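This report refers to the structure that appears directly beneath it.
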């Protein structure tokens, strides 16, 4: 999570305002534009509602165009396998989980001004279910910054209503891809939702519905299958954004590796009885921040792009987001890894900067970008490289995974944990030296942001000394105790989040650690963003346990698993207190707590046992507060009607052109149209119009803007970059689907249709 300075600086002010008067927050964060954030929720304590998650909108057959990136090569050959001793049952499922695309702030950069204005890529949840005997594991990758216990609880509740005790918090493991371009307000912890203006019921319900639906679909297509493991190295796709911190790790440890980023893409291929591919899971460490903090369109970013490309390759005749073969991409140890491969430079002068030693002038941001000319091209470039690496592994024989399945899940009260200290040079635990976790707190350099999320006030990374005047102000809301200061040293505490509980806890105490055993391949699930070396230590510890049991180590780290605790740095990186370390909220020994757990979990998995469930986190969903206002009214200009075309497309366009139409619109939050689309491109085939592109496709962008807050008027523009594969000299048109709200709350669906246009070479 690359947080901007705007968010960081405003947070202390906002939190004080919350304690004094929550309504004052509106004045602080309203944009300078004539825009009021609105949502269907009451600005008081809220309780999640029940949704029929099995109900899907199938009124329109939304087909997608053949993207330009689709290769003309033949589909991947089936794998010839012996089906006589298949030991696993595996299901795959995908569902649209797109949240409200306008007027809800995005979660990631914590920029109060970054609220949604449309869609570039939809958000999807991809679920994989593994079964052997009585063991059942659900592993989900969702196109969202992080999921959180609140969403996971409701997903499990919905599954239990359908399937009884088959699914639980123990075996339903949900991860986020960490895109920073999706609506927030679903995580409940106050510090995580404050930049969204509190809890967003609509976001929460959308994510719960989509994730639940993907698991149901996976449950319904469980088939006999085999698992194949493979890896490759990927280059020129990311860089370490905190190399200074990385260099503080022991030399002997660093010399084991050839790079300060983890370049390995790990894959598990699921193959059905007939040798065809059922699904594929990929892990790779990269921040989903190719789309920067100026973006206002929902996007699944680079990992989402890679997933869509691989699914298109494997399902050339399927709809976008509706493949039979599902391709999931999981974030690995990406805490200090940026996709913005260009050097960080000052916004105006162009000088090199790092927000620690090389600073920009006041009010001049320091940020990195690239490798493309803009964020859309960068997303495509990075996503393409990752996709090509996954395809390379998919076309390789791989190693079959055999043996047992296991899932070990434990809730951990982090401040109460006392564990053996880990020596990364000797690669062993010292039982005679004990270390412990801390009550959660954020350090000063948390306010610096990163080169992925630029700031304008130049609060530096690596801050080791607090500011007494600021400490005095902040301590009125979230001040640390002497014990906290000692426990977190050398971190100067900016916000003692574990000491603040109004209106809900700012951070929880209890989080989970998860280990999944897939026939000899281990997935170590961490509830935050492990840095490169933190992830390497987890893999090293698990690998050593496997070697001690005579097993070939195959291990991957999965970050953003189940809950979100910001970052997990190494003890040595913590001493430097750059952004990642300042955001390691449970203190300098956070990683060592997880190292001890994963060493234990690995042994237990090999021996066939289980671990105690641990103390379940408190549930604060009924205590949440929201300042996200409802949609009040949609109206049209005098003499017009909803769906009227304001700007028509030209009658003839060329391949590669961007063609668009603009309509009299209503607020898209009236109907978020999951499993559907806000607008489509249609082609005339005979006497029938066939949809060839939707707002889920890379080539399209759906834009919405409010014309007048006072009068409730708005407009929508749908644009389409014409692919080279488009049928020529055939009528096309753009169709917009909207839903308007009357002053008394009635929702009315409507449609707008543009003039036709034809495509020429």
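Backbone N, Cα and C atoms are what each Cβ position is placed from, and that goes for glycine too.
Annotated features in TrEMBL:
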TRANSMEM  9-30  transmembrane segment
DOMAIN    88-595  domain 'Neutral/alkaline non-lysosomal ceramidase N-terminal'
BINDING   178, 287, 529, 567  Zn(2+) binding site
ACT_SITE  338  active site, nucleophile
DOMAIN    610-759  domain 'Neutral/alkaline non-lysosomal ceramidase C-terminal'
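Helix, strand and coil content of the domain 'Neutral/alkaline non-lysosomal ceramidase C-terminal' (610-759), in residues and according to DSSP, is 6 helix, 69 strand, 75 coil. Packing around residue 178 (Zn(2+) binding site) is summarised by its Cβ count: 27 other Cβ atoms lie within 10 angstroms of its Cβ, all protein chains included.
Taking the Cβ of residue 287 (Zn(2+) binding site) as centre and 10 Å as the limit, one finds 29 other Cβ atoms among all the protein chains shown.
The Cβ neighbour count for residue 529 (Zn(2+) binding site), using a 10 Å radius over every protein chain in view, is 30.
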